[in-house]
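J.: First, the structure itself, so that you have it in front of you.
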Amino acid sequence: MGISGKLGDIASKVYEDVLMEEVKKYPRPRHVGIITDGNRRYARIVGIPENEGHVKGKNKVEEVLDWCMELDIKIVTFYAFSTENFKRSPEEVDFLFHLINDAFISLLKDERVYKNKINVKVIGNVSMLPEYLRETIKITEETTKNFSNYHMNLAIGYGGREEILDAIKRIARDAIAGKINVDEIDESKFRNYLYDGNLPDPDLILRTSGEERISNFLLWQSAYSELYFSDVYWPEFSKLDFLRAIYSYQRRQRRFGR
């Protein structure tokens with residue numbers, strides 16, 4: 001790296017430190033949802049195997065979790081594997097499931113989870129996942145179920161439309177069984193039929209890779225979420241990029257439809 005490159009790194013670090021102090025002056029979002037997009041495109045651009053791009057994406061999740069805790073952002077939800085991802089090649093899907101499984105095993109061994117009391121939960125149709133992954137998820141959720149300082153949610157086998165449709169089916173079954181009166185269903189009761197009825201709506205939804213859509217992510221919950229789109233691919237998403245997203249959120253006036 002030349003002198004100009006080193007100076008650029010120094011300037012970037014100074015800017016990051018200044019922005020961190022500025023962000024800490026104002027209220028941060030309680031819940032951030034992140035669409036972790038761009039692993040494969042990043043891999044193609046830098047000339048590495050696509051699977052290695054996914055590994056770097058997994059590692060980035062751990063970094064961003066640290067940044068959230070540094071800013072005392074209590075809840076973060078990562079869009080890790082969508083229902084649409086099942087359409088990828090069987091080899092890639094199998095690799096991703098094993099990578100996700102390894103990530104949960106790492107979390108179970110990670111002292112940060114226990115020190116910071118991080119509750120880890122999966123939202124999605126877990127019945128679509130292989131048995132070994134379902135078992136690892138079950139162990140992770142059971143191990144962290146009493147932790148409440150921070151919440152890390154992973155949307156796996158998740159689709160927003162499917163979540164709403166599944167909720168409607170469950171309501172219909174309960175109505176037929178006489179457990180509920182359909183006329184009494186309101187937004188709060190409907191929420192109880194979602195994958196996690198206790199999950200607060202995200203204040204901010206952030207997407208990497210330059211795509212400007214939410215791609216079936218938390219459709220019910222994101223009605224009034226602020227949106228932020230970053231041009232960088234997920235594996236190269238930096239702390240400075242994250243701070244810019246939070247700073248942008250802080251500059252907005254949320255109206256909640258009013």
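Just so it is clear, glycine is given a Cβ too, placed from its N, Cα and C backbone atoms.
Swiss-Prot lists Asp37 with the feature active site. What Swiss-Prot records for Asn85 is active site, proton acceptor, and it gives sequence analysis as the kind of evidence. According to Swiss-Prot, the Mg(2+) binding site annotation covers Asp37, Glu226. Summarising the annotation, Swiss-Prot assigns substrate binding site to Gly38, Asn39, Arg40, Arg41, His54, Ser82, Thr83, Glu84, Phe86, Arg88, Arg207, Arg213, Ile214, Ser215 and lists sequence analysis as the type of evidence.
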J.: For the C-alpha pair, I'd like the distance in angstrom between Phe86 (substrate binding site) and Asp37 (active site), rounded off.
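T.: Pair distance, Cα basis, whole Å: 16 Å.
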J.: Compare the C-alpha of Arg207 (substrate binding site) with the C-alpha of each of the recorded positions Asp37, Asn85, Glu226, and give the closest one.
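T.: For Arg207 (substrate binding site), the spatially nearest of the recorded positions is Asp37.
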J.: Give the distance between the Cα atoms of His54 (substrate binding site) and Glu226 (Mg(2+) binding site), rounded to the nearest whole Å.
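T.: Each residue's Cα considered, His54 (substrate binding site) and Glu226 (Mg(2+) binding site) end up 27 Å apart.
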J.: Return the maximum Cα to Cα distance in Å (whole number) over the record's substrate-binding residues: Gly38, Asn39, Arg40, Arg41, His54, Ser82, Thr83, Glu84, Phe86, Arg88, Arg207, Arg213, Ile214, Ser215.
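T.: Between the most distant Cα atoms of the substrate site, 21 Å.
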J.: Of all the recorded positions given, Arg40, His54, Asn85, Arg207, Ile214, which residue's CB has the most CB neighbours within 10 A?
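T.: Checking each of Arg40, His54, Asn85, Arg207, Ile214, the winner is Arg207.
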J.: If you run the three-state DSSP split on Asn85 (active site, proton acceptor), which class comes out?
T.: helix
